[in-house]
Amino acid sequence: FTGPSRVHDLKAESIGVTSVTLKWMVNDSAADNYTYRIEVVNGTNDTSVKNVKANETRAEITGLIPGTPYNFTVFAVAADNETEGEGSLINLYTRPSPVHGLEAESIGVTSVSLKWVVNDSAADSYTYRIEVVNDTNDTLVKSLTSNENRAEITGLIPGTLYNFTVFAVAADNETEGEGSPIDLYTRPSRVHDLKAESIGVTSVTLKWMVNDSAADNYTYRIEVVNGKNDTSVKNVKANETRAEITGLIPGTPYNFTVFAVAADNKTEGEGVSRNLYTRPSPVLDLEAESIGVTSVTLKWVENDSASDTYTYRIEVVNGTFVKNVTFNETEAEITGLIPGTPYNFTVFAVVADNETGEGVSIFLYT
């Protein structure tokens, strides 16, 4: 037998993780009687791996190592199963295995750090491509490369859903494994201009602002801590940039922390805090204990549980404002008054931040 011609147009029909399918052409008139031998050599250590026999001009070679270079040489064999033509060579990498254990190492407002694992024996030679897609408008944002099994992706939009797909890339910087995806929200920005819209005896209404482009989809969590004993009281959810927190104790310090929450109802921004006192309750049973020529002694009752910390301001008015007097107890002597004169005395309970409760008045003549 004469030797067959070399096969031509040798190419990969498909490349898998542990297999490669090759196809080729041969134009000899005797080709109908040919078989083919494929010699497989591991390009990493230049060792022969196997010989595969094919009866047609294609062959699937299995049992290969992921992400590894191989030399495939195809020989046409005449009908005597012995006389071979000159071999045609193609160098190919198998695909790396998909990465696994893909997770967020940290999530920021405009960045996400990812980490993953890959167990392939060839993994030391891999690089990784991370494809970033904004899920809001399904647009490719960027594609970046990492030389290790972690990557920080920056320049993202706060509070926005992204799809991150990680591909392992073999040492030829071309042959990629199947992508492993993860969907994550970036954290919302911190709210700003947090302030009290109103402060009541058992309630506080807060308002704030947030400028993120994704803010229309945010909700807000308000964490309420009793500042007197540093215990968490409640978590309140709000769908707008204001919230009324009810069921509070009069005259008590509270720490209110507002967190913006992304549309997954899970990913929170950094909290912004405000310390506020609720107003004291109005004093009760205000009366004159004694009335003198130039003085009046008043007494009252205050039942709030926080009243041990209260002071009291008495506003003295005779047609026009006369004075403010401060006392630490639930009675007070106001002196320096004009004999036989009408006065309006208004008593306010005052908490430690000098915020007062609603005043209670009594009208008396010296």
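Including glycine, each Cβ sits where the backbone N, Cα and C put it.
Automatic, uncurated: that is what TrEMBL annotation is.
Per TrEMBL, these features apply:
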type   : residues : note
DOMAIN : 3-94     : domain 'Fibronectin type-III'
DOMAIN : 95-189   : domain 'Fibronectin type-III'
DOMAIN : 190-281  : domain 'Fibronectin type-III'
DOMAIN : 282-366  : domain 'Fibronectin type-III'
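Residues in the domain 'Fibronectin type-III' (282-366) partition by DSSP class (helix H, G, I; strand E, B; coil) as 3 helix, 50 strand, 32 coil. Across the domain 'Fibronectin type-III' (190-281), DSSP classifies residues as 3 helix, 50 strand, 39 coil. DSSP assignment over the domain 'Fibronectin type-III' (3-94) gives 3 helix, 50 strand, 39 coil. Counted with DSSP, the domain 'Fibronectin type-III' (95-189) comes out as 3 helix, 50 strand, 42 coil.
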